[in-house]
Amino acid sequence: MSPAFRAMDVEPRAKGVLLEPFVHQVGGHSCVLRFNETTLCKPLVPREHQFYETLPAEMRKFTPQYKGVVSVRFEEDEDRNLCLIAYPLKGDHGIVDIVDNSDCEPKSKLLRWTTNKKHHVLETEKTPKDWVRQHRKEEKMKSHKLEEEFEWLKKSEVLYYTVEKKGNISSQLKHYNPWSMKCHQQQLQRMKENAKHRNQYKFILLENLTSRYEVPCVLDLKMGTRQHGDDASEEKAANQIRKCQQSTSAVIGVRVCGMQVYQAGSGQLMFMNKYHGRKLSVQGFKEALFQFFHNGRYLRRELLGPVLKKLTELKAVLERQESYRFYSSSLLVIYDGKERPEVVLDSDAEDLEDLSEESADESAGAYAYKPIGASSVDVRMIDFAHTTCRLYGEDTVVHEGQDAGYIFGLQSLIDIVTEISEESGE
């Protein structure tokens, strides 16, 4: 058992873990919360849960590690602010949802509960029965304000935030990342609206892919030429088809769903949301990709080789997956935006690229290369709420062969990154 998991010993059921907004969420509509430094938490969708439980072994290094299931409810703190608190599931004897499937993560890697204060452990508090009645007027006003903020977010498709040189980047973004706060507030709103009928939800625990980076730069790409699942209503399917037709999804099988990148030249973080991503032309998509790998001073060329290597391997893996369809799934590309002295000069960057290729097999973690002198870079698939394959017995539609739309998007991505690499002089 790794030290990260060994630290989380069995905890009495009266304890809960305070869930916080995940400040590096740049896309998607599902609320992603921070469980602890290395673990995230998101609402359990049966289809996505089934995907992680039956995940093919060769795909594990391209997805976040699955860590189990918890029960989440909202409660008030001392200042009457609403908080989301996670608890172990009933009957799990302190361990977070043991899974018996042989294709899953080993039981030894599933999270256990602890009293360690740094994990934000709270005592259980009873939720006031009259909460809805007391706060109805107040919450109505907040809801109206929230709608105004979301409309502003749609209009402000690209935002900049100046990062202080001293201090932790995650703590600075805690109350700023617009997309993260939007998703968190929407989740609270949904749970509050159902307060009379339900105050207990299942969430899944997943690896925090950004935890190893000091200044995470994150690119969220919506993959494939089709986004709607087989179970989508006619209205939903038509809406998703329209979005694909009006974006780069229909042309190259991929579009920008969100971006967070550090501009070292100005000391700012740039955020790009999905509304801007939908408007990009193919050339605009290429420029956005170039911007993601550019730190405001120079192109991070030492990252391009490792990214291409990972994309090529992922493509080969998916070509072997029979009947899978990853509708509406995203692909994350992550690297550290922190400047490193040895990559300031172009000649140094070229040398580091050679080093990164030589040390590619010395990967740390699931699939994050950590070459000498260069930032590690990660490529992972996420969001499987609409994924299907013949293993899912309840599905009425069974597809044959590989997911051609997703693979087409991967090949387009490989081609564009290759173009950027060649045009930059490599």
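Each Cβ is built from the backbone N, Cα and C atoms, and glycine gets one as well.
Feature annotation from Swiss-Prot assigns ATP binding site to GLU207, ASN208, LEU209, ASP220, ASP383; the stated evidence is similarity to another entry.
Secondary structure at LYS243 (substrate binding site), taken from DSSP and collapsed to helix, strand or coil, is helix. Take the CB of LYS243 (substrate binding site) and look out to 10 A: across all protein chains shown you find 17 other CB atoms. Taken from Swiss-Prot, the feature substrate binding site covers LYS222, LYS236, ALA237, ALA238, ASN239, GLN240, ILE241, ARG242, LYS243, HIS386, and the record attributes it to similarity to another entry.
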Residue among binding-site residues LYS222, ALA237, ASN239 with Cα closest to the Cα of GLU207 (ATP binding site): LYS222
Surrounding CB atoms that lie within 10 Å of the CB of ALA237 (substrate binding site), all protein chains: 16
Cα separation, ASP383 (ATP binding site) to ALA237 (substrate binding site) (Å, whole number): 18
Winner by Cβ contact number (other Cβ atoms within 10 Å) across the binding-site residues LEU209, ILE241: LEU209
Binding-site residues listed as GLU207, ASP220, ASP383, least Cβ neighbours within 10 Å: GLU207
